[in-house]
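Here's the structure, in structure tokens; my notes come after.
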Amino acid sequence: MLRRGVKIGVLTNNENKFIELKEIAKNFNIELEHLRGEKIEIQSDDLEEISRTAANLAYLIFRRPLIVDDSGLFVQALQNFPGPYTNFVKNTIGLKGILKLLEGIKDRSAYFMTALTFTDGKIIKTFIGIVKGAISEEIRGNLGFGFDPIFIPEGEKRTFAEMSLEEKNRYSHRARAFAKFAEFLESYTEKE
């Protein structure tokens, strides 16, 4: 069991991801603290395995309750590429590269998935969040990060990058995974 009021550490080198998680956490009265350090990522096709392994290794270093988030963009017409290699693909071929790969393809359906793993050294639990949508025809918007400028969530006409953080979090894969984590944390935290 976790003591009420304990800050949960977040290991990420992505400042935007931490800001997004901190904003989501406010809705659940959960305090997060940014842990600075190298997130060790194994090579795997499974986001959950990547997230769980990174959380276990992070706990060995920080020795405190923490979460690790690994996310990916899965494009149906590209056989779910880039998937767990999303960050690498973003840093190499980028948004324009994905759009180029989809030139002339009508089915632009895709989804974002987050595997958010919590550990406190006693337990390890992973929470999955998914948002379905499609890849836009062009880069649109200047908010958000990563592939936000080309991802349109289901039920929307705008990309994530055309939405405020609050609007994005109504749809976000990360917000959905965090909501499951918050529900778990409520039952796992000691009652006063």
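Cβ atoms are placed via backbone N, Cα and C, with glycine included.
Swiss-Prot has this to say about the protein:
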- T12, N13, N14, E15, N16, K17, S71, F145, G146, F147, D148, K168, H173, R174: substrate binding site (BINDING)
- E41, D70: Mg(2+) binding site (BINDING)
- D70: active site, proton acceptor (ACT_SITE)
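Shown here: features listed in Swiss-Prot, placed on the structure.
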residue : record                 : DSSP class
T12     : substrate binding site : coil
E41     : Mg(2+) binding site    : coil
D70     : Mg(2+) binding site    : strand
G146    : substrate binding site : coil
H173    : substrate binding site : helix
Fewest other C-beta atoms within 10 angstroms, as judged across T12, S71, which are the binding-site residues: T12
Candidate with sparsest Cβ neighbourhood (10 Å radius) among E41, D70, D148, the listed binding-site residues: E41
Candidate nearest E41 (Mg(2+) binding site) in space, where candidates are the binding-site residues T12, N14, G146, H173 and distance is Cα-Cα: T12
Cβ-Cβ distance under 8 Å to N16 (substrate binding site), same chain, at least six residues away: G144, F145, G146
D70 (Mg(2+) binding site) and T12 (substrate binding site), Cα-Cα, nearest whole angstrom: 9
Position of peak Cβ density within 10 Å, selected from the binding-site residues N14, H173: H173
Rounded Cα-Cα span from D70 (Mg(2+) binding site) to D148 (substrate binding site), Å: 16
Count of other CB atoms lying within 10 Å of the CB belonging to G146 (substrate binding site): 19
Inter-residue C-alpha distance, N14 (substrate binding site) and D70 (Mg(2+) binding site) (nearest angstrom): 11
Cα-Cα distance linking D70 (Mg(2+) binding site) and H173 (substrate binding site), given in Å to the nearest integer: 11
